[in-house]
Structure formats: C-alpha cells, structure tokens
Amino acid sequence: MEPAREPPSRARPPPPLAARPAPAPAAPRPRSPAEAEARGPEGLLRRSGSGYEGSTSWKAALEDTTTRLLLGAIAVLLFAILVVMSILASKGCIKCEAPCPEDWLLYGRKCYFFSEEPRDWNTGRQYCHTHEAVLAVIQSQKELEFMFKFTRREPWIGLRRVGDEFHWVNGDPFDPDTFTIAGPGECVFVEPTRLVSTECLMTRPWVCSKMAYT
C-alpha cells in the first residue's frame, strides 16, 4: 500500500504591516505681491472684464471718442478757413496781375473802355456808372492823343455844360487853357485836336475811364 500523502500546505498571509502615519500637510508657500493682487478682489474684477478695470476702459474709450470728434471739428474749421483765404487771395491776384478789367486798356494810372455801338450821352454815362467808372475825364493833350490811337469815331467824354460853364462828371474843374471847346451844345465829344459840344441826344460811341487797380 502507498503511504498517505499530506495535503498541500496553504501559503500564509504576510503579517500585517504597521500602520504608516499620514503625511503632515505641506506648509503654504508665501505668495508674491503680484499673485496676491491677482487673487484679490480687484484682480477678480480685472479678470472678469468688469468693475474697476471695466470702468477704466470705458472712460478711456469715451475720452478717445471725444478727442477724435474735437480733432475732426478742428480739421473742418481749418479747411473752411483755407477755402475762404484761397478765394480772397485769388481775387487779390486778379487785381494785381490785371490792373484793368477784361476789354479795358491801361494808360498811365487809368483804365479805358472804348464802346463800339453809338448811344446818346446819358446812356453812355449810365453804362460807365454800372462798371464803376465815368465818361472819360481828359486831363492832358497826351491823354487825348492816346484815345485817338484806339478810336476814330469821335466819342462822348465826361464833360457837360452846366449853365455857362463846363464841368467834368467827376467834379474836376475844366481848364479852358488846356482845351478849347467848339459848338453851342451841352454835351461834349472829342475830335483829334479839339473838343466839340453838341446836343446830348445825338448818338455816338463813348469812352469810360476809371483808376487802375493797385
């Protein structure tokens, strides 16, 4: 007979280890001033985009908008001033570059206009008046010679009889030693070498004169 076998032995569990003590909590790390500020109430407001920082941003945006509007208004005002100055300057330049209006001739310090169509003396005077001028006032023989370089049609001038005397339309006195006047009429026109008076209703061309621009 075979000898009886012993039952296999079971492994014994290891003896229980001694209970390990729980680790002590680590001491809190001191915070830097920046971390403390970020974790404080103002830091939370900054991170949330409202409150203190939001109010500051809104004020900055408002100030920026106001500044832009002010600068825009200043720019518009400066532009308007430049436009006005350019207009005034252009008018001044016209006077400086052209001492007489278009279709007028310069002689000495006067501008002269020689009409082409015949009219009576009063119509010629009115035309000159509307152009800020008068029927020509002649002060010398040279001025008379200049006029006849541009007209041969014996035009009206600004001389008229008032009572027994002749007077220039601008108020200057007439000097009989400078010119002689022929004819019994009231209004005066010019011939190449003398002045002639005739009826004012007769039609003739006329000559206007005025001071040149300075």
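Glycine too: its Cβ is placed from the backbone N, Cα and C atoms.
Within the set Cys100, Cys111, Cys128, the cysteine that Swiss-Prot bonds to Cys208 via a disulfide is Cys128. The disulfide bond recorded by Swiss-Prot for Cys187 joins it to Cys200 [selected from Cys111, Cys200]. Across the fold, the C-alpha of Cys187 (disulfide bond) and the C-alpha of Cys208 (disulfide bond) stand 15 Å from each other.
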